[in-house]
Amino acid sequence: MWIKKFQETKFYTETQDLYCIDDNNKKTALLDMKVPNCDLPSANLSNYNITVVEGKSITLYCDTTGGPPPNVSWVVTNLVSNHESDTNKNPASLTIKNVSSMDSGLEISCVAENIVGEDQASAELTVFFAPNITFIESPTPDHHWCIPFTVKGNPKPTLQWFYEGAVLNESEYICTKIHVINQSEYHGCLQLDNPTHLNNGAYTLLAKNDYGEDEKRVDAHFMSVPGDGNGPILDPDVYEYETTPNDLGDATNNSNQITSTDVSNKENEDSITVYVVVGIAALVCTGLVITLIILKFGRHSKFGMKGPSSVISNDDDSASPLHHISNGSNTPSSSEGGPDAVIIGMTKIPVIENPQYFGITNSQLKPDTFVHHIKRHNIVLKRELGEGAFGKVFLAECYNLCPEQGKILVAVKTLKDASDNARKDFHREAELLTNLQHEHIVKFYGVCVEGDPLIMVFEYMKHGDLNKFLRAHGPDAGLMAEGNRPAELTQSQMLHIAQQIASGMVYLASQHFVHRDLATRNCLVGENLLVKIGDFGMSRDVYSTDYYRVGGHTMLPIRWMPPESIMYRKFTTESDVWSLGVVLWEIFTYGKQPWYQLSNNEVIECITQGRVLQRPRTCPKEVYDLMLGCWQREPHMRLNIKEIHSLLQNLAKASPVYLDILG
């Protein structure tokens, strides 16, 4: 072989001659010498793209050359399928019978070898086969919950999950993740972000490609149903939960509940339900008739006033010239009030008022705090706006309050309970409210303590509470509005609203106040989209489904509360930050109730397990990231209230606000 190499490179010099001497001592120049049967072997496969369907057979050929003729062999290490080879012919052949999917990706080689050298040709065997789910098991908790699985198939199968027999629509919270790919084997999991008991049930994985399909089912249990004793551990002395008349708020999830009741029991229950509904309807009608009779013939107010011309007076005979004007008629200023600012439901629920502001002691009050006292004869009632646990709230005209105006519209809050403790709380609250002076906090004008009932006087906000305002200017406003549909709020207007509320909360935090009940229902809207934080205590009656009864009396807004407030009754500035995040969610959903598809028990389960509200459809990513910053489980990890206000302010400035929405 080296002679061949020498001849090819002509490696010689003029001063050196190389010769070969045969058996007869005959010299032959090395350059001219003939070397027979001295050629390198070569091997060539008939097909370098070996593809076959599982269960079929295939024959592979290997053509070889070389001198002397090379020996041929097949390298089929780890080949599972039955096979046979013929190397006595050229080309040599290898037949693989009933090909197994386990051989997919295996390398097959043909080797040609003689005394001169060796050559090799290789190709990869590709086996097409139907999917096979080789592994699936119940979910395991990690950073997320995961239903692990392993699927084999070639070509790559498509994966589809089913929940209780229905197609499972994946999202950012429930999605399939493939972690490892090994040849035609795929290791992954169905990832669920903070699932609840609503996600319990049967999950089926369907894998499909052009050659077939396979499916496997697994039962998943993430959380026990609230109330069965396996939920979060709460202090029994604090939480004696009762179900409110409508725990589901604006929508129910009954259609999504899966029961094991048989058909006959279901029919009996349906019949009983019909009788119950009819009975309740009859009782309601009777109650309405009785109520109308009482209103017509026995109407009186908490002030002891009889008839539409009664007044707020110190005297039992109501001889004061200041009249309570019914329905705002026959008054010089009846046109100034516009439409009803707040529509109040009169259903009375026994509650303990959740203080509007909390966390300041008398020692923290400014030493020069002076509560403005208003003469009773300067207050003229126009109409009742609503009733809370403390008493009633009226729209009124107030005279001599501002030097530049003879009269202005105000909201008057009365004190129903005349006990000594109630009076002390009244005066303390008045002192606290007097210290709150900010453009985005509802203005407190003063008190009237001349006789009973005691009265607080607040600024009147023309457009009522923010929740009602959002719903009236949302995509579903046409369902509620009579006549012309109001203009829909734009994204820039929502940002304008949000940054005003954040501004008010920055001020409260600077004054060491904790609100404890921040929600859109407790914010009021004035002219030119001016929004202020305020609460006359009526929301627990009007929005009763937003509150959860605890121990039979106290009402907690659990849908707006962080885990530490739900479990330990801990209220701080950081808990207000959590609530502000929920308020942002309300704004960008046009006033939807948080977790509207869940009951109160289910909401408690979700929040304490770390689940958060999904991003609203109209919400920018920057705002949702801000919400997530408010909803960190650890209070110290949440965004600072000043940071939130600054971010919202910058977003609002980047998108100018047009205020003609209010007309």
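Keep in mind that glycine also has a Cβ here, set from the backbone N, Cα and C atoms.
These numbers come from a predicted model, not from an experiment.
Per TrEMBL, the features are:
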type	residues	note
ACT_SITE	ASP517	active site, proton acceptor
BINDING	ASN522, ASP535	Mg(2+) binding site
DOMAIN	41-126	domain 'Ig-like'
REGION	245-265	region 'Disordered'
REGION	314-339	region 'Disordered'
SITE	TYR357	site 'Interaction with SHC1'
SITE	TYR658	site 'Interaction with PLCG1'
TRANSMEM	272-295	transmembrane segment
The domain 'Ig-like' (41-126) - residue tally per DSSP class, helix then strand then coil: 3 helix, 52 strand, 31 coil
Where the residue listed as 'active site, proton acceptor' sits in the secondary structure, as DSSP reduces it to three classes: coil
Cβ packing number for the residue listed as 'active site, proton acceptor', 10 Å threshold: 27
